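According to TrEMBL, the beta-D-galactose binding site annotation covers Asn89, Arg90, His191, Ser192, Tyr193, Asp263. The active site, proton donor annotation in TrEMBL covers His191. Under the heading active site, proton acceptor, TrEMBL lists Glu335.
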Amino acid sequence: MVEKRSFGSFGPEVPLGTGRGQRAAHLYILSNDALTVRLSDLGAAIVGIDAPDGTGELADVVLGFDEAAAYYPDSQGTYFGATVGPSANRVEGATVAIEGATYRLPANEGANNLHTDAVRGLHAQLWHAEADEARDRVTFTLELAPGEPGSDLELPGRRAFSVTYELDGHCLRMTYEAATDAPTFINLTNHSYFNLAGQASGSVAAQELAVFAERFLPIDGASIPTGELRPVAGTPFDFRAPKAIGRDIEAADEQLERGHGYDHCFCIDGYEPDDGTGGLPEPRLAARALDPASGRGMELWTTLPGLQLYTGNFIGGVAGKGGHVYEDRGGFALEPEFYPASPSHPAFPSAIFRPGRPYRAVTEYRFFTAEPVPGA
Ligand code: BGC
């Protein structure tokens with residue numbers, strides 16, 4: 001089932017793109033026997049996911065806000081649930097070279113760029129929505145065009161983005177596509193923060209996580225990957241077997257100090273580049289998370305090469321749904337994406353797309369239940 005509702009109006013008008021000049025956002029609610037998912041056309045964002053625990057009890061497992069006005073502008077820079085792009089995560093020196101030309105993004109984190117632009121990025125745009133009742137599916141679309149003042153987000157190409165959310169049993173599938181008429185840089189992600197005990201249940205330190213990555217990307221003092229792919233073995237970054245998120249998070253480790261906890265990209269095993277010509281690529285199992293106390297779990301499958309684990313190191317004090325004030329580590333984000341700073345590391349998988357190589361990615365959240373372990 002797909003239901004459409006008002007999500008209220010928000011502050012300043014959206015400055016560009018499909019929703020230019022508009023101030024009203026809408027919720028699209030997908031539901032089936034297993035899951036209820038609330039989506040917003042503001043930021044093509046996930047606003048809520050109700051999923052069952054081991055006893056069948058539902059809880060909303062993503063952090064967020066009750067109304068559109070709290071999402072835009074995103075004054076606390078949380079990017080809760082949003083589609084982030086066209087350049088998610090960090091770009092070193094805020095510059096991208098494409099076929100000999102240099103493009104400058106805003107230097108909004110020291111000399112570097114984070115998440116494109118806080119007030120103009122794709123997460124801050126009103127997308128066009130198309131619901132497909134028969135398939136429990138909603139598609140959000142948005143176009144960026146060069147030449148219109150400010151509306152190219154500093155990158156080349158007329159780009160048509162689409163994000164489709166679809167429910168399939170216990171799975172929420174997200175399909176991302178972007179066509180461009182000129183070579184350009186595209187790195188999209190979904191920025192949901194999960195708390196599998198329920199969004200208002202405090203620290204996620206006791207929740208278990210497995211990340212299927214032999215290697216991760218160490219960062220410098222400005223959170224830019226150095227270019228090294230470091231084996232996780234023998235480090236606090238070894239999540240190959242499930243462990244509590246908080247088990248090693250306070251370990252004396254230079255990388256954890258630089259990230260103030262986990263804020264690092266893992267190189268998901270088995271990545272195969274997609275040349276954009278065949279059928280959609282098949283996602284691989286990237287991570288599995290479980291709240292042992294409730295038995296509520298989720299697997300993340302993706303076609304993308306990287307997975308940023310961000311343990312909500314700076315979200316303390318943000319007032320979210322139902323007035324609940326989140327604490328640091330009150331949620332963990334798993335952001336499937338191309339590696340951060342790929343433009344400055346030619347050995348990283350390329351996020352340059354062209355007319356003959358459209359951007360395509362599939363990410364799935366597959367929810368599951370387990371026997372609850374009381375007191376875990
Ligand atoms: C980044 C964090 C940042 C967060 C919210 C994550 O993708 O890696 O450093 O604090 O987004 O902006």
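The backbone N, Cα and C atoms fix where each Cβ goes, and this holds for glycine too.
Automatic, uncurated: that is what TrEMBL annotation is.
Feature annotations (TrEMBL) mapped to structure.
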residue: Asn89; record: beta-D-galactose binding site; Cβ neighbours (10 Å): 26
residue: Arg90; record: beta-D-galactose binding site; Cβ neighbours (10 Å): 24
residue: His191; record: beta-D-galactose binding site; Cβ neighbours (10 Å): 24
residue: Ser192; record: beta-D-galactose binding site; Cβ neighbours (10 Å): 25
residue: Tyr193; record: beta-D-galactose binding site; Cβ neighbours (10 Å): 27
residue: Asp263; record: beta-D-galactose binding site; Cβ neighbours (10 Å): 19
residue: Glu335; record: active site, proton acceptor; Cβ neighbours (10 Å): 25
TODO: Enumerate in sequence order the binding-site residues Arg90, Ser192, Tyr193 whose Cβ-atom distance to ligand 1 is under 6 angstroms.
DONE: none
Open item on the list: Just to verify a number: CA distance, Ser192 (beta-D-galactose binding site) to the residue listed as 'active site, proton acceptor', in angstrom, no decimals.
Closed with: 8
- [ ] Express in Å, rounded to the nearest integer, the largest CA to CA distance found among the beta-D-galactose-binding residues Asn89, Arg90, His191, Ser192, Tyr193, Asp263 named in the record.
- [x] 18
Open item on the list: What whole-number Å value do you get for the CA-CA distance of His191 (beta-D-galactose binding site) and Glu335 (active site, proton acceptor)?
Closed with: 6
